[in-house]
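Presented below is the structure to which this report refers.
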Amino acid sequence: MTDESSDVPRELMESIKDVIGRKIKISVKKKVKLEVKGDRVENKVLVLTSCRAFLLSARIPSKLELTFSYLEIHGVICHKPAQMVVETEKCNMSMKMVSPEDVSEVLAHIGTCLRRIFPGLSPLRIMKKVSMEPSERLASLQALWDSQTLAEPGPCGGFSQMYACVCDWLGFSYKEEVQWDVDTIYLTQDTRELNLQDFSHLEHRDLIPIIAALEYNQWFTKLSSKDLKLSTDVCEQILRVVSRSNRLEELVLENAGLRIDFAQKLAGALAHNPNSGLHTINLAGNSLEDRGVSSLSIQFAKLPKGLKHLNLSKTSLSPKGVNSLCQSLSANPLTASTLTHLDLSGNALRGDDLSHMYNFLAQPNTIVHLDLSNTECSLEMVCSALLRGCLQCLAVLNLSRSVFSHRKGKEVPPSFKQFFSSSLALIQINLSGTKLSPEPLKALLLGLACNHSLKGVSLDLSNCELGHCLRSGGAQVLEGCIAEIHNITSLDISDNGLESDLSTLIVWLSKNRSIQHLALGKNFNNMKSKNLTPVLDNLVQMIQDEDSPLQSLSLADSKLKAEVTIIINALGSNTSLTKVDISGNGMGDMGAKMLAKALQINTKLRTVIWDKNNITAQGFQDIAVAMEKNYTLRFMPIPMYDAAQALKTNPEKTEEALQKIENYLLRNHETRKYLQEQAYRLQQGIVTSTTQQMIDRICVKVQDHLNSLRACGGDAIQEDLKAAERLMRDAKNSKTLLPNLYHVGGASWAGASGLSSSPIQETLESMAGEVTRVVDEQLKDLLESMVDAAETLCPNVMRKAHIRQDLIHASTEKISIPRTFVKNVLLEQSGIDILNKISEVKLTVASFLSDRIVDEILDSLSSSHRKLANHFSRLNKSLPQREDLEVELVEEKPVKRAILTVEDLTEVERLEDLDTCMMTPKSKRKSIHSRMLRPVSRAFEMEFDLDKALEEVPIHIEDPPFPSVRQEKRSSGLISELPSEEGRRLEHFTKLRPKRNKKQQPTQAAVCTISILPQDGEQNGLMGRVDEGVDEFFTKKVTKMDCKRSSSRSSDAHELGEGDEKKKRDSRRSGFLNLIKSRSRSERPPTVLMTEELSSPKGAMRSPPVDTTRKEIKAAEHNGAPDRTEEIKTPEPLEEGPAEEAGRAERSDSRGSPQGGRRYVQVMGSGLLAEMKAKQERRAACAQKKLGNDVISQDPSSPVSCNTERLEGGATVPKLQPGLPEARFGSGTPEKNAKAEPRVDGGCRSRSSSSMPTSPKPLLQSPKPSPSARPSIPQKPRTASRPEDTPDSPSGPSSPKVALLPPILKKVSSDKERDGQNSSQSSPRSFSQEASRRSWGPAQEYQEQKQRSSGKDGHQGSKCSDSGEEAEKEFIFV
């Protein structure tokens, strides 16, 4: 680190570090006087770092006055010796320094940093304008910069450093993934194209610094973007790069949403950059229109290098804009010799006003690819122009959907035929969709037939059935000409309506000996079956011909259906076709079966396309079986349409068959080509760059100690210094270690620059000659043996004169193997494999040697650094006055700059955080491993957090049984009882099926059965009260429940006995949906008390068990099945007293529920409350009378007393006593009451008296109507099971399901409360007292609850099972 300047006090320097960040390395610091208004000056401190300057106040505490990036500098003026004026984008600063040397030092540092960050660029160019007087000062600075030795730039011309500097300049966050992609992927691919599609997942604003770095980068020459809508800011940055960069050569912005204004601005940018190297422009798919293209055309005429590639397809051009463009192209003398690709397709150019375009094409030029498709331009006019200017180079001519304005009775222009007969380079002619009458077609074919310069021409005449294209007359022209054309290798005549003439046309096509690819699709649509068979027979004869050159046949979209099997059956023994396209024929599974049979024996086919054939899973399976036996087919695209349909009906078999087909294709397809340099570049990009970063880091530390100890005496110190210097030289040379090791001796075995053969190639060539000689001898012997065998079998025929010699002579040509075959096999296949293996071994050895040597260098450097550090520390103890120097030397840990908004450090900064002692071979390998892992994209972090979204979904484990009930919606007359043992073995397969809501309201008679329900079960009697529970709704408090029984450790015997079988069934329900519903559908223990479980993260909390309760529960469980009741949630208001308790209860509920969401309270008006209260009182009187009559009518041997227990919520719960009639709650046996009674008692033990009440209670009110009697309202899923989800519990003949009262929310005991349960029972609230409170009325009840809620903290202990945790206020929504 640089020594502190003498004119900057130490205290001030410490304050400056606090302002700009202590881990930012300060390179230069100078005291300056900043000129302000007038002649007034202020004392400031100028601090320079690697890419930014800071101007701070010269007092303590210091304050940041101004900061600017070196890239913001627009000019530096030094007209006075000690004065420097810096011009930036924001302001101008005039600073006076102590001496002229200080000015030179500041400028020298800025220039050095710019040269290091932007290699290949002069600092004077980046700073734009530097003026110094006298001029010798600037010359000395330039000489200083030129004399500095720069390190090798990083990957892709040091793009990552430039990107970081530009992010600092523009104030954008640094994206590590951009740096990783460029330094790794781009380096490995050795590409010079920066594709914005690679970063399309980032925000548009993050693309700005990536593009801005191209202004200074000397590696990338192409900027491309396709189908990516670019924002205005991104477009502005692209324009800036175009206007300033002389390295950018290709600009591709296809379908980027650009408009006229961008084209005009691009023209301005080109005008601003006279040294532009741009020669390729692709603006296809952007609505530039005539105005935009006209502006660009002016600059096209001035491009210093001319245009090579111009694509303006689909840019809304008219003939006027095209004329303007072609006029400008003609004005540039370089265009005639440089332009090779011109694409104006997709623009409406119909009409005769294209004179400038025709003139441009008529001039001698070098256009190789001309695309005027979909322009409706005049075909004969274009060909006439091409005849004069494009005969030498034009290879690809696309004039599809153009217009041939030929009138019947007039001759075809001779230039049309002459162009095709005179062209020297045409290989592709596309006239599809063009209206061609027989005369132009004949001229075209005869022109090609007369041209002996062309070879391998591809002619596309598809879809020419647009009027009088190829009907009859056209077919006859084809028949008369096609057989003699020798230079057409690919012919597409599909979709031309040739049905009636196809039979004879195929005969003539079979006589052509040059066509290798033939497309006949969409020509069979209107043919009858009797006419189709002869056509297909002729086609079969054509492909079965031994001398047929045909290699590819397309019958796509011909709708041949079963008739296509005629062709398929001929494929089995076919020896010429390598590609067949039978898609779109609807052949079905039978056709697939035939294709499978053909593939089992065919060894020539390499490609089969077979989509849109209505093939099902069975057809795919047949093909998969055939592919197992086929080892030559290599390309068989997945039939997407058929596969999509088959996956809907039979996904398992379809997926299995498709996977098998792909596996067999992979087996057949063997890739031999290997990029030998790709693995080397990847090794160099990741391993070597990371290693060199570590070496550079430790070398800096060693060099600091060398500088500090160089003047010290002592033999030991001097010896260590010399050893360190030798190690530094080795470390510097190690940067080229891997390249030198990898390329050493390359010319000796791989050939020197490809001019001479390598020893391996020479050996293989000599071997090929020897193998060819041996093969020829073997084949001759084989021929002689065959003729001898023929004489033995047919001696009479073979005795004829000269027959033997004639057979041998005729067979010699057929049995010989081309001499180039063996050579190609050995050199191109075996030779490539050998060379690839050698390259792999060479890279492995070079990497191993380089890695071991670098490990030794790192180890030695670390040891040397420790020795020098020890010397320095001992020396520092003897020289305390140099303490400030030691502080500066130690302070080298970089951090995030305060100016930068960078959240993540780069790899270099992370390496700088390592201590020197950690720079070992082990840490190097760990760093390399980290370097190979691509950073997580920020774009994903901005999406939803999947872990957070799933944290509330319960883990799919077997839930403990919950208290649950079942509402029976059917009338008692329709219930058929089953024996209890029989019921346990039955399984309700439709229990998950949603049930229809009842539309008919319950009758009044059913309402009256709330007091006494007969044995046959009248459960619907509880549903008739619409206004039931209104007072509880406004007075009840939300409290915790003490019926938590989810813990398996605290489960009683009755929870395990009846729930085991159901738990086994529930455990088999898996999947994400059942996972969420698992808690709501869990089995609950039998009870008559309606409760809801509110789970807590800390486990279940329940009241202490009672011995008598357990005994009674076991007895009841042994005797019969429990009753099921329906659980009905009652919304309860939150009041000032119980607000916290309600919040805790709901918080526990939200944690336990799968959704964990908030619930809300419905609010009802006071007028409705009063009206419903009056109805409630009248019905209560009726119910009391009915209950009295029913009690009198019961068996006198079973006296009962019905008690209700009022809890804090204001709800009432039936309290069963021994004297209560057995039919009171739908049970005709004492076991039912014995089973239900302890459940209520035990469940309410913490809130009620332990002793049995002696006074009777008032009669029960009508309970709240069930949800089935209300309009169905969508509700959030809750923890409690729904009636539709709860399975039917088995019961005996006398145990019908009974719908009881609404549930009450009860407090869950905490650990502290549970310990004090026994003592709290000394002052219980009796059931008679609770009953008397029930008869007060709403007002007294409300006051009583307020009093109880205000003092319940002292009575009841903890309010929440999770004590100490602040509950959040949540509500219940019904």
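For all residues, glycine too, the Cβ spot is worked out from N, Cα and C.
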Swiss-Prot record, coiled coil, of the ranges 114-138, 214-238, 714-738 the matching one is 714-738
Where does Swiss-Prot put phosphoserine, among SER318, SER1198, SER1255, SER1295? SER1295
From SER816, SER860, SER1335, the one Swiss-Prot labels phosphoserine: SER1335
SER1046, SER1201, SER1363 - residue that Swiss-Prot labels as phosphoserine: SER1363
Hey, which of THR533, THR920 does Swiss-Prot call phosphothreonine? THR920
To which residue among SER6, SER972, SER980 does Swiss-Prot attach the annotation phosphoserine? SER972
Among 245-269, 304-327, 336-363, 485-510, the most Cβ pairs under 8 Å with the repeat 'LRR 8' (547-570) come from 485-510
Can you work out which residues elsewhere in the same chain, 6+ from the ends of the repeat 'LRR 7' (485-510), have a Cβ less than 8 Å from its Cβ atoms? 432, 445, 448-449, 451-452, 454-465, 469-472, 474-476, 478-479, 516-527, 531, 534-535, 538-539, 541-542, 545, 548, 552, 554, 556
Let me spell it out: take the repeat 'LRR 1' (245-269), skip the flanking residues so only those 6+ beyond its ends count, and list any with a Cβ under 8 Å from a Cβ in it. 193, 214-215, 217-218, 220-230, 235, 238-239, 275-289, 291-293, 295-296, 298-299, 309, 311
Taking the Cβ of SER122 (phosphoserine) as centre, how many other Cβ atoms lie within 10 Å? 14
Contact set, same chain, for the repeat 'LRR 2' (275-298): CB under 8 Å, 6 or more residues outside the stretch: 221-222, 242, 245-264, 266-267, 304-318, 320-321, 324-325, 327-329, 338, 343, 346
Positions whose Cβ lies under 8 angstroms from the repeat 'LRR 3' (304-327), at least six residues beyond its ends: 250, 254, 274-290, 292-294, 296-297, 334-335, 337-349, 351, 353-357, 359-360, 371
Tally of DSSP helical, extended and coil residues in the repeat 'LRR 1' (245-269): 10 helix, 5 strand, 10 coil
